[in-house]
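Colleague: Below are the features I grabbed from Swiss-Prot:
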MOTIF     11-21  motif ''HIGH' region'
BINDING   143, 146, 156, 159  Zn(2+) binding site
MOTIF     331-335  motif ''KMSKS' region'
BINDING   334  ATP binding site
């Protein structure tokens with residue numbers, strides 16, 4: 001049994017996540033965590049709401065509300081939505097907890113005392129109209145690398161490059177649109193130059209990093225790591241703990257990534273020191289799930305912080321980074337109301353349908369697009385015709401024609417043995433894909449088992465065999481039933497509710513991954529059999545989209561984001 005810390009990128013809670021945010025981090029992490037637990041591993045799965053930083057502060061200023069009130073209300077909503085999506089966090093917390101604040105301040109003081117932090121005066125943008133400094137998302141402009149018109153002061157969300165506000169072309173205040181002036185202020189910097197060689201070694205020698213994470217990180221290292229300011233002039237955030245840093249806060253990205261540690265500290269707060277058995281054990285496997293725009297902070301910044309701290313933290317095993325999920329071929333956009341957000345999705349279909357669809361099209365190696373035409377095809381042809389139909393064919397036949405209990409192994413032919421051997425080989429292939437965090441390929445392989453099963457039933461025709469050779473019919477249905485155990489196991493991480501129903505139908509009360517490898521027990525009574533999934537028509541989809549627009553219109557008049565969420 002191995003020990004794992006699984007973390008999904010902490011969502012900003014200025015709004016609820018959309019489907020692209022979900023598949024890029026939280027849902028993918030949940031599927032992997034569920035798989036590992038099902039295999040019997042020791043898993044701690046944590047995340048939380050990113051409460052600080054400019055997105056919240058900008059929105060709060062524009063609405064005339066206190067940032068803390070705003071963030072806490074949105075945190076409660078997002079936490080509830082994740083429960084409704086069946087996300088199996090061991091702890092979903094937030095970055096304004098006492099545990100996190102104290103941990104971050106102590107962590108950075110240690111880095112400061114180790115000599116990796118220095119101070120420097122610099123010119124920073126200031127809005128004379130709003131009378132505030134403009135760090136990060138308070139300032140926008142054209143990206144100097146890709147030309148994107150709304151790049152932020154800390155990062156371009158289009159190309160993913162980390163930026164400095166001075167690099168922006170035609171910068172302007174994100175609140176009022178005014179051109180900023182530049183003022184001298186003092187900030188505290190993490191000297192990444194001192195850590196560059198060790199970071200390069202970590203990236204180059206890490207066999208687990210996906211190609212996009214390795215390529216982006218090596219590109220940054222090739223350019224040379226520059227010192228990064230870790231303080232801001234924001235009012236909303238964690239107060240910087242350094243001598244003379246009164247009025248400064250820790251830059252949100254430098255403190256949020258430490259949440260993966262502070263969340264484990266909080267989880268085990270009743271057992272002092274237990275968290276160290278996860279984060280300071282070199283045998284622990286630490287895996288993060290992020291979208292590709294978060295790669296620099298998880299593959300460069302967090303390892304740098306852990307090394308600079310020097311207290312024996314285990315470096316992350318890998319960062320499972322996806323490409324982008326598009327909606328009908330275009331990027332999700334709140335302002336253009338383009339896409340589907342996770343509260344809206346649950347008004348349209350149960351979570352297992354969404355979970356299956358999103359994992360089936362997970363953007364592992366390239367950007368992929370959610371389209372309703374594709375969603376219908378996945379639901380109707382794959383979930384129903386391939387998987388659901390095969391399950392129903394096997395179980396209703398055993399229920400109606402074989403007394404409702406698992407038949408004996410019978411007298412198998414070579415064809416029957418070849419079938420179950422093929423099923424086990426496919427299941428092993430799915431297992432390897434899950435182990436490699438190739439979740440899409442794992443699910444596709446589970447579907448292939450069902451397709452093999454449908455072909456097998458058509459070829460063997462047990463309804464005919466039953467009339468002339470009961471032993472051969474038993475052999476066929478015994479192995480068909482066995483194949484359903486592999487499907488149930490393979491679906492358990494992806495569609496937990498449906499998989500739980502399938503295990504009940506199979507008459508198995510204590511399911512496990514290894515159960516799929518075990519020959520069935522003859523005489524096991526089946527549970528109640530019913531169709532696992534249902535089909536949707538094009539008309540139903542049209543009705544869903546119409547309902548979605550009606551719900552959005554009703555919410556458009558609401559002033560505050562927490563009033564606009566569908567619960």
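Backbone N, Cα and C atoms are what each Cβ position is placed from, and that goes for glycine too.
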Colleague: Over the span of the motif ''HIGH' region' (11-21), how high is the average pLDDT in this prediction?
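Modeller: Mean pLDDT for the motif ''HIGH' region' (11-21): 93.
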Colleague: Report, in whole Å, the straight Cα-to-Cα distance of the residue listed as 'ATP binding site' from residue 159 (Zn(2+) binding site).
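Modeller: Distance between the two Cα atoms comes out at 19 Å.
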Colleague: Could you tell me how many residues in the motif ''KMSKS' region' (331-335) are helical, how many are strand and how many are coil under DSSP?
Modeller: 0 helix, 1 strand, 4 coil
Colleague: Could you list the residues of the same chain, at least six apart in sequence, whose Cβ is under 8 A from the Cβ of residue 156 (Zn(2+) binding site)?
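Modeller: Sequence-distant Cβ neighbours: 143, 145, 146, 148, 163.
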Colleague: Near the Zn(2+) site, what residues other than 143, 146, 156, 159 in the same chain have a C-beta no further than 8 Å from the centroid of the listed C-beta atoms?
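Modeller: Sorted by sequence, the hits are 144, 145, 147, 148, 151, 157, 158, 160, 161.
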Colleague: Among the binding-site residues 143, 146, 159, which residue has its Cβ surrounded by the fewest other Cβ atoms within 10 Å?
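Modeller: So among 143, 146, 159, the binding-site residues given, the one with the fewest Cβ atoms within 10 Å is 146.
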Colleague: Under a three-state reduction of DSSP output, how is residue 146 (Zn(2+) binding site) classified: helix, strand, or coil?
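Modeller: DSSP call for residue 146 (Zn(2+) binding site): coil, neither helix nor strand.
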